[in-house]
């Protein structure tokens with residue numbers, strides 16, 4: 001579904017990508033890991049036709065990102081690092097806006113379906129400026145689903161979300177993949193990749209240093225030894241348990 | 001592709017006009033300063049200014065309208081800057097839409113919102129004695145000049161909107177433009193100014209535009225001045241559009 005080979009990109013002196021290769025199969029969740037500044041967003045911007053590579057090739061849904069950008073844009077949706085929603089419009093208007101631009105048959109009906117599906121029906125008529133971070137991110141992802149593009153790019157989809165918001169987004173991503181959409185996500189949370197991704201690639205110093213399924217990556221390290229450790233609940237488990245009780 | 005460009009632009013226009021109607025304070029902010037100037041010159045300075053006309057409000061009006069437009073276009077720079085900041089600009093560019101619609105939506109919105117401002121100011125002018133016997137054709141010509149002036153300045157505003165690194169920077173460019181009418185024939189006849197100032201005043205764009213609009217409203221012959229005015233507006237439009245497109249291409253890599 002996505003095929004990248006020998007990708008190069010420099011910003012003046014800074015050589016960010018030095019020959020990146022990977023493949024993403026249709027209907028899978030692919031997680032790109034890397035530290036801040038490793039070039040994850042650069043790869044994403046190239047795949048989303050927002051940036052031209054200096055060298056190498058990249059195809060999405062069979063279309064070349066440089067020579068067939070219009071076809072690539074038909075095939076994808078991009079959800080950026082900061083929820084790219086219109087704050088002055090209401091949630092519903094945001095969805096209708098994207099629906100009109102993507103020329104779906106029934107922008108209003110599509111908007112209402114998505115609002116219900118993402119638990120935003122109640123807030124539909126409120127300006128997005130009044131939404132919480134989690135609601136914005138959900139709206140952002142909902143906007144990406146309009147027109148059912150076969151490939152969805154998510155740039156750090158859970159950065160800045162509280163634990164509940166993060167779990168909600170994870171559920172959405174899982175549902176997407178279950179319905180056959182190819183999901184490409186970048187993250188710096190290793191746990192997120194572990195929970196969601198079918199395949200994981202680690203970007204370091206401009207190249208993919210390892211990639212594979214979680215099981216394959218585990219084999220890179222010496223076999224697990226059995227140790228007995230008293231297991232304390234994590235703070236996240238405590239937080240979620242208490243918050244749930246309060247409801 | 002062109003039909004897409006039209007329908008995408010109208011969707012973008014709808015979005016951006018909604019921004020204007022949702023924050024009507026922007027119209028008030030844009031019109032309040034020109035109306036204050038109108039009152040100030042009419043009731044405070046006006047008595048001491050000798051223009052050789054019996055209705056000083058009529059004399060003032062064209063310059064006041066230009067000041068309103070010059071401050072109104074700041075919002076185009078502001079809205080564009082916010083779109084870039086919030087990432088919605090990138091979202092639009094990763095979508096299968098006509099890319100030209102992203103900028104044109106903002107530019108057409110500027111024409112709509114400045115049109116509203118101009119009407120508000122003209123109505124306020126009527127209250128304090130603005131009168132014109134101009135016919136529909138003359139008014140159409142006035143609307144045309146003001147529209148062209150707005151279009152040209154809006155493309156000027158697109159440049160800082162795309163390139164500024166702070167929101168203050170995106171707005172600061174308009175101060176000198178707002179100031180230009182003061183050193184022109186907008187408030188006093190240029191003949192009263194000392195040599196170099198007069199030379200500047202008579203050869204900068206605002207004077208020819210003000211004089212043309214004034215002549216049209218007073219049903220006087222416009223002479224060659226209107227060609228000078230149109231040449232200035234078209235010239236600014238062409239240069240600003242070229243620079244804005246260059247900034248845009250740089251932005252989208």
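Even glycines carry a Cβ here, placed using N, Cα and C.
Cross-referencing B:24-45, B:200-221 with TrEMBL places the feature transmembrane segment at B:24-45. Same-chain residues lying 6+ beyond the ends of the transmembrane segment (B:102-130) with a Cβ under 8 Å from its Cβ atoms: 9, 11-13, 15-17, 19-20, 26-27, 30-31, 34-35, 38-39, 42, 55, 57-58, 61, 64-65, 68-69, 72-73, 75-76, 79-80, 83, 89, 92-93, 146-147, 150-151, 154-155, 157-158, 161, 244, 248. Each of B:24-45, B:136-158, B:170-188 was scored by its Cβ pairs under 8 Å to the transmembrane segment (B:57-81), and the highest score goes to B:170-188. With a threshold of 8 Å between CB atoms, the same-chain residues lying at least 6 positions outside the transmembrane segment (B:226-244) that come near it are 103, 145, 148-149, 151-153, 155-156, 158-159, 162, 205, 208-209, 211-212, 215.
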